[in-house]
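Colleague: This is the feature table in TrEMBL:
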- 36-60: transmembrane segment (TRANSMEM)
- 67-84: transmembrane segment (TRANSMEM)
- 90-108: transmembrane segment (TRANSMEM)
- 120-147: transmembrane segment (TRANSMEM)
- 153-172: transmembrane segment (TRANSMEM)
- 179-196: transmembrane segment (TRANSMEM)
- 220-243: transmembrane segment (TRANSMEM)
């Protein structure tokens, strides 16, 4: 992670996109403090907390477990849909996701039960999310609300995409993927996030190069967005694979 943060900073400074500063160099070595890397901090914290969470989940009675998940679901997924300000947080959401995964592991009967509905959960979650966008896009202008409300049920960690994600997780958890290409792409997936969301890249890359707002009200907005995602994905994965190849060559020469 530090490699991508620091080398990307060096590159954008060399290209003149960002002014050189000692502070910028030092901060690039501490990428976890950047808001663009919001995913990393709670992810690492959950890893640290995982032993305690495991003990807690194993010690729960059925009643306590239900209250635990009901409280987390309400705080992280339900209340944010109703109120603008809540006590929800990225860490709380990650604790919820980890707890769901842990329960599926500790309770095979629950996993087997949900496994029967993996396709249904996937279709229902993402289908309802898309339907909510279309419906709110029609209704909100009539009611005089802002058009941004059409994305209300798919923002942050909204419950509909989470239902779809759970279905996908169950679907892929039982798959034995042997494709070399797919496995190579999967290994570089995190690098796509680290490179494209780099705080030194984000301001000019997403606002100057790939400014989707220019296509917001056009009929081909979705096509443009998908094309941009494909370009970013391929570019970042290529960079990551080249880095890994270079790293192996350096390690081989210094044996």
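Each residue, glycine too, has its Cβ placed from N, Cα and C.
Automatic, uncurated: that is what TrEMBL annotation is.
Quantities reported herein were computed from a predicted structural model and do not represent experimental measurements.
Mind mapping these onto the model and telling me what they sit next to?
Modeller: Sequence-distant contacts of the transmembrane segment (36-60) (same chain, six or more residues past either end, CB-CB distance under 8 Å): 1, 68, 89-91, 93-95, 98-99, 102-103, 106, 193-194, 197-199, 202.
Counting same-chain residues at least six beyond the ends of the transmembrane segment (153-172), those with a Cβ under 8 angstroms from any Cβ of the stretch are 73, 76-78, 80-81, 88, 93, 100-101, 104, 111, 114-115, 117-129, 132-133, 136.
Proximity of distant same-chain residues to the transmembrane segment (179-196), defined by a Cβ-Cβ separation under 8 Å and at least 6 residues beyond the stretch ends, is recorded for 1, 4-5, 8, 31, 37, 39, 202, 205, 232-233, 236-237, 239-241, 243-244.
Outside the transmembrane segment (220-243) by six or more residues, the chain places 3, 184-185, 188-189, 191-192, 195-196, 210, 212 with a CB less than 8 A from a CB of the stretch.
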